[in-house]
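I have placed the structure first, in the form of structure tokens, so that the comments after it can refer back to it.
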Amino acid sequence: MMTNLFSSFDPLSSSFNLPLNWLSTFLGLMLIPFLFWAIPSRWSLLWSNLTSTLHKEFKTLLGVSNPGSTIVFVSIFSLILFNNFMGLIPYIFTSTSHLAFTLTLSLPLWLSFMLFGWINHTQHMFAHLVPAGTPGPLMPLMVLIETISNVIRPGTLAVRLAANMIAGHLLLTLLGNTGTSLQYSLLSILLVAQILLLILESAVAVIQSYVFAALSTLYAGEVN
């Protein structure tokens, strides 16, 4: 039972007081065995074309020719996209609206990029702290600014995704709660507004998934 506006973001199950709602994150794994024996359909062909397009674009951003270099970022895009759309279904927990989920994705990625860069390309990482053409007196300040911008990258990735998911779901919940106090003549307007907002949230789900994966790819390309 929802006790307040933020109950839909509570990861604890109301029945057993356990974080069972996190299990919705792994529902996408149930679709993987189905793909091996299912007859190709329009949806499977659409998904195949989407992943191949993402592979080509991420390979360009990385600047490497290894065919397996983009599988991590395409997988992250798929995971976030699935969970974003799962959250649009009523009474299903939205795991991407929690920093515990988004930071779990962004922080290990950023740490692995930083460790790889500083261990294997130390001079390149030092040179990256000072942009080309920076005047001598401004170099210490630029090093400080670049260092701070690198440190906050996992936080910005995580907060951007979680904040966008929370904002849309709260707006949908607020509009839906006003339906009981409206007149019948205004319910049709509310229904149209909810449908338009749901379409907007679907677009946000796709865009935020792509932004997270694309920025992770750019961060990986900087250390090569």
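In case you wondered, yes, glycine gets a Cβ from its N, Cα and C as well.
TrEMBL entries are annotated by machine, without manual review.
Feature annotation from TrEMBL assigns transmembrane segment to 20-39, 71-93, 100-119, 125-145, 157-176, 182-200.
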| query | Is the transmembrane segment (182-200) close to the transmembrane segment (100-119), in the sense of at least 3 CB pairs under 8 angstroms with a sequence gap of 6 or more? | reply | no
| remark: Per the Cβ under 8 Å criterion, with at least 6 residues separating them from its ends, the transmembrane segment (182-200) contacts 88, 168, 171-172, 175-176
| said: With Cβ-Cβ distances below 8 Å as the criterion, list the same-chain residues six or more beyond the ends of the transmembrane segment (71-93) that contact it, or say none. | reply: 8-9, 11, 21-22, 24-25, 27-28, 51, 54-55, 58, 101, 105, 109, 161, 165, 169, 198, 201-202, 204-206, 208-210, 212-213, 216-217, 220
